[in-house]
Each structure stands twice: as structure tokens, then as C-alpha cells.
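S.K.: Dumping what TrEMBL says about this protein:
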DOMAIN    347-423  domain 'PhoU'
TRANSMEM  7-27  transmembrane segment
TRANSMEM  47-74  transmembrane segment
TRANSMEM  109-124  transmembrane segment
TRANSMEM  131-152  transmembrane segment
TRANSMEM  164-182  transmembrane segment
TRANSMEM  189-207  transmembrane segment
TRANSMEM  213-232  transmembrane segment
TRANSMEM  244-265  transmembrane segment
């Protein structure tokens, strides 16, 4: 008798979780265009942060996934520790929607939802397919619940199992612990609470024990985020620990007053499943209302609790695999990483150009040559990250954006290659008996200033989404090409070819500067959509 029940419950949980996944994918795709303003809302204050957290968790339909993503945002520097506090509290409320839906007892219509979802998905246009996925996903959620309910019917006629559940009612702390472990394993609090609702509806579990499962399920969701933060930045670790402490504080606040909580739920009314769903929602809302005013102070306490500073400077700052769950967010992080790449090229390579022309300054020359390896590392990371993004089910807009970032990534890497080639070329100056003539060095410097101006303009255009500035870079290109031709003509007609070695240095530098500018102009064309 026990094994058919176990198999039925496990199979039902599997279908339930699969339905949650399908619904989540549909929600993410249909809401992707709204998530672009996600980070800007978070930065305003803790209240807006909590609202953004509710939205994120509602889209992901998993507080574990939402919290892991928030930890990733903090690790990448997209969010500060303070901004993450309210967001995490809000994320717990967003996932209560599923439990509330389950309490409506619409499992009898699960197959209708599945059929309707399939029809919408197969017969609708691209924009409506995500709606079909949502309906289909919730159909599987309800179908999984129906299987779990049927599998658990024999419990009522099994004295041993009945006595075990009575024992859980008398030992709420043990019930909390069991629910915590179970939720940590399946990484979904809704599934754990749904099982509690099924047991309570059959009379096998009291409302008190069911609420204890709600407590444990809420704490169990923190385990995934704690594990994901182990190799992350100190602020990311603080975020994960703060999330765990928030949940524990909530349980400690509610546990002594569980009986009063039960009276309140019964006074509100509804069946026992609705009371459990309400308990889950109220627990998280009260937790938010109590802790939200102390979020900033709590962030300061986390710094005191985990005081160590970062010891390693990472070249990759913003790419987080957790964000791949929501392609829109992953593309935002890709954009920020491209901005980081452009900034590093400017600071560590472009900035030292004039030093490269000094035959007696090999230190900066070698620094530029070596730093190109770091840019290559960022380039490869962005490339592989974009590959992972394109494997997701993207909207047309997201596909175009990922392709645009791929082109920009290639051109930024090309810019660093050109600067490295210039540095390698100027090593010939170290062994030459004479240096470039003053007018030659000045000509190269003036051309570089024009190219450098273009570089800073195109990066500003990228950062600010400024189409006009990108067009201005394109319009400046003929001026730079004319200047390069004039300098090349002046060089070959000056009678200064006494050293073919120095002449080749001059010509090679000019060629690389033009190639560098070509990459800059190509980025501008990409920004205005003319790829």
C-alpha cells in the first residue's frame, strides 16, 4: 500500500513542478518588456524595491529562483546590498499567488486548462503563445495536485500514518524542520504547501501542523540562495544571509502565536485549504511590513556580521548565470559588461597611447600588450554568455538585441587587438638609433586624438542610447580618413624614408589607427540599426 502512494505523490510532484516551469517560462516571455525598467525601479527606495521583488517572483513563480537572481545582481554590482533588502522581502509575496490559485479547488478542470493551453499555443500567433504556455503550465500544476490528492487518499485508512501526523501536530518545531528539508530538496515552497493543503483537506493534518509546514517551507527556500552565494562576492553572501535571517525572524515571530494565528484565519473564513493559503500570504506580508523599515539598518548590520572586503579584482563584473532564467535581465547584464569592457580598454590601453611612441618607455608598452589578454577573457565570456541567451525562447526584440551586443563585443575586441598591435609595432623603436621625427609623432598623436574622440563619443552613445551621437561619429569618419591620407602623403613626400624600419613603424601605426576607427564606426552603425 505504501509504495503506490509514494510513487503517486512523487509523480504528482513531478508534474506539479513541470507545470510551474512551463507557466514560469510563459510568464517570463509575456512580461519581458516590462522587466527592462526593473532595476531603475529598485534603485528608488525600499518600497519600490519590494514591489519589484513581488513582480520578479510572480514572473519566476519561485522565491528560490528570485532570491538566487537577486544574489547574482548584488554579486555583479547591479544592485547594492541595501537595494537588495526590500527586493528579497517582496519576492516572498510574489510566489504566494500559486498557492492562492490552488486553494480554489479547480483540480477537476486541470485537463480543460491543459487542452485550452495547447490550443492557444498551437493555433495562436507568436505573441499569444506565451499565454498558452501560462494556461498549459497551470493546467499541469492542477493536474499534479489532483494526482497527489488521489495518491494520499489511503492515508485516512492507515492508523500508523494517521498517528504520525498526530505526532507532527504535537511537535510543531519538528514539522517546521521536516518542511524546511523537503522544500530545500525540491526548491519549491508552493509544492510543499500544496501537499500540506491536500493532507489538511483529507483530515490527516491539522491546521496547526499545516501552518508549521508553511513556516518551514518559507525558510527552506533560502537554502538555494545560500549555496549559490558561497563563491560570490562578500555583498552577495551578505544578501543571502540576510534573506535567511529575514525568514527565521518571521518564523520566530509567528511560531509562539500559532494558535492565535489559527483563530484569526478561522475568523476570516474559507475552507481549510484557503486558510492555509491565507496563512502563507499573511506570513510574508506581515514579515515585509515589520522588517521593511529596518532594511537599510539591517544592511549595515550585515556588513558588521560579514566584515571582510574583497581581495580579488575580477575582470568579469556583471555576467551571472542565474540571470539567464530571464533573458531580458541577462541582456541588461550583458550591456553593462560591454560598458565595463569599453571602460577597461579606455583606462588600460587607450590612455597610454602617447607613452607607446616614447622609445625609452617600455613599461607602458608591455602593460598594454599584456592587458589585451584580459580583454580577450571578457570578450570570450560575453560571447559564451550571449550563446546561452540565444538558446532561450526569445522575443524578436531580444533576438535583435543579443545580435547587436554580439557585433559590439566583436568590435571592442578588435579595438583592443589594434591597440596591442600598435604597442607591438612600437617595440621596434626601442632598438632604433633614431626616433620618429617630431612632426611624425605629432601627426600620429593628432590622428589618435580624433580617433580617441570618436571612441568616447560612441561609448557615450552606447551608454545613453543616443542615436544622434552615433550618427555624429559616422559623419566624422570622412574627416579622419582625409587626415590619415594627408599624413601618409606628407610622410612619403618628405624625404624622411632614411630608415625603412621607422617608416614601417609610422605606416603600421597609421594602418592600425584607421582599423581602430573602422571598428568604432561599425559600432555606431550597429547602434543605429544599420548592421
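Here the Cβ of each residue, glycine as well, is placed from N, Cα and C on the backbone.
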S.K.: Looking at 7-27, 109-124, 131-152, 213-232, 244-265, which one has the highest count of Cβ pairs under 8 angstroms to the transmembrane segment (164-182)?
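M.R.: Comparing 7-27, 109-124, 131-152, 213-232, 244-265 against the transmembrane segment (164-182), the winner is 213-232.
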S.K.: So what's near the transmembrane segment (7-27) in sequence-distant terms, Cβ-Cβ under 8 Å and 6+ beyond its ends?
M.R.: 58-62, 65, 98, 130-134, 136-152, 186, 188, 190-191, 194-195, 393
S.K.: Mind looking up the mean pLDDT for the domain 'PhoU' (347-423) in the predicted model?
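M.R.: 87, rounded to a whole number.
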S.K.: Residue counts in helix (H, G, I), strand (E, B) and coil for the domain 'PhoU' (347-423), per DSSP?
M.R.: 66 helix, 0 strand, 11 coil
